[in-house]
Amino acid sequence: MSEQVHNRLAVVRAERKVTRQALADALGVHYQTIGYIERGQYNPSLDLALKAARHFGLPVEALFSLEPFQPLTDEVYGVPGRKQ
Amino acid sequence: MTTTTTATRHDRRMYAIMNRPGAQAMSRTAARRRGWVAAHIALTAAGVAFWLGSVHAGPRWVPFGLLAVIVPWCVAMGVINGATRGLLQLRGRMLDERQYAERDRVRSLAHRITLVLLFAGAAGAGTATLLAGVRFDGGALFPVLFALLVTHWMLPSWVACLRVRDDAPDEVLDTTGGH
């Protein structure tokens with residue numbers, strides 16, 4: 001019944017050089033749970049999603065979305081062949 | 001874990017035991033986990049048979065058979081608990097929201113499987129009595145109830161172990177501070 005929630009957790013975590021274990025410790029969850037969320041195998045609660053967003057200092061919609069995310073390079077540099 | 005502030009020393013010790021990185025290697029792949037569950041089912045069945053044999057005054061060697069399966073049974077149980085990271089052994093306050101939800105799913109699935117087994121057993125016994133005139137004496141009651149009790153007790157652990165998913169390759173490194 002639950003809808004697939006897309007996320008950018010892995011990208012942001014890699015960019016900030018945060019390990020799954022470190023993020024898990026900061027959010028108070030098991031390190032495997034971070035992996036489950038990143039792979040889309042578990043949709044976090046609103047509470048956990050907000051905690052993750054606060055941890056990275058980002059709005060929650062920068063990390064989680066009901067629509068698939070565009071690649072970050074497309075957002076920054078635009079899709080080739082499409083006007084900005 | 002959700003409320004570590006309320007965790008007791010026992011909780012933290014159990015959590016550390018269930019999450020020992022060294023023990024995870026024995027159950028890292030799905031094939032290995034299936035193997036451990038199959039071995040544990042076989043050892044449990046052998047243990048139940050030996051125990052019932054000892055209770056019902058079977059041959060003298062039967063208690064030794066029971067002693068022989070206890071140690072490997074404990075090892076297999078430990079590997080299954082490690083594979084599930086203590087999903088069913090740890091107190092709820094030591095689990096996070098995903099583990100808590102997974103524990104509910106595991107218990108629900110195990111309950112349904114037990115229900116199917118009970119239904120099949122009852123239907124089989126009823127059919128045998130009706131069609132073949134088989135009469136079940138009271139002597140069969142205790143072994144059947146005991147086997148049922150053990151199945152009801154162990155099934156959630158087997159289900160939980162079979163539902164565990166492989167860690168991502170870099171997830172294994174992450175636990176040791178890599179990446």
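Cβ coordinates come from backbone N, Cα and C, glycine included.
Annotation comment: TrEMBL describes B:67-88 (among others) as transmembrane segment. Among residues of the same chain six or more beyond the transmembrane segment (B:67-88), those with a C-beta under 8 A of the stretch's C-beta atoms are 14-15, 17-20, 23-24, 26-27, 33, 36-37, 39-40, 43-44, 46-47, 50, 94-95, 99, 102-103, 106, 156-158, 160-161, 164.
As annotated by TrEMBL, transmembrane segment applies to B:109-134 (among others).
What TrEMBL lists as transmembrane segment is B:140-161 (among others). Here the transmembrane segment (B:140-161) has long-range neighbours at 27, 33, 36-37, 40-41, 44, 48, 51-52, 56, 77, 80-81, 83-84, 87-88, 102-103, 106-107, 109-110, 113-114, 117-118, 121, meaning same-chain residues at least 6 beyond its ends whose C-beta is under 8 angstroms from one of its own.
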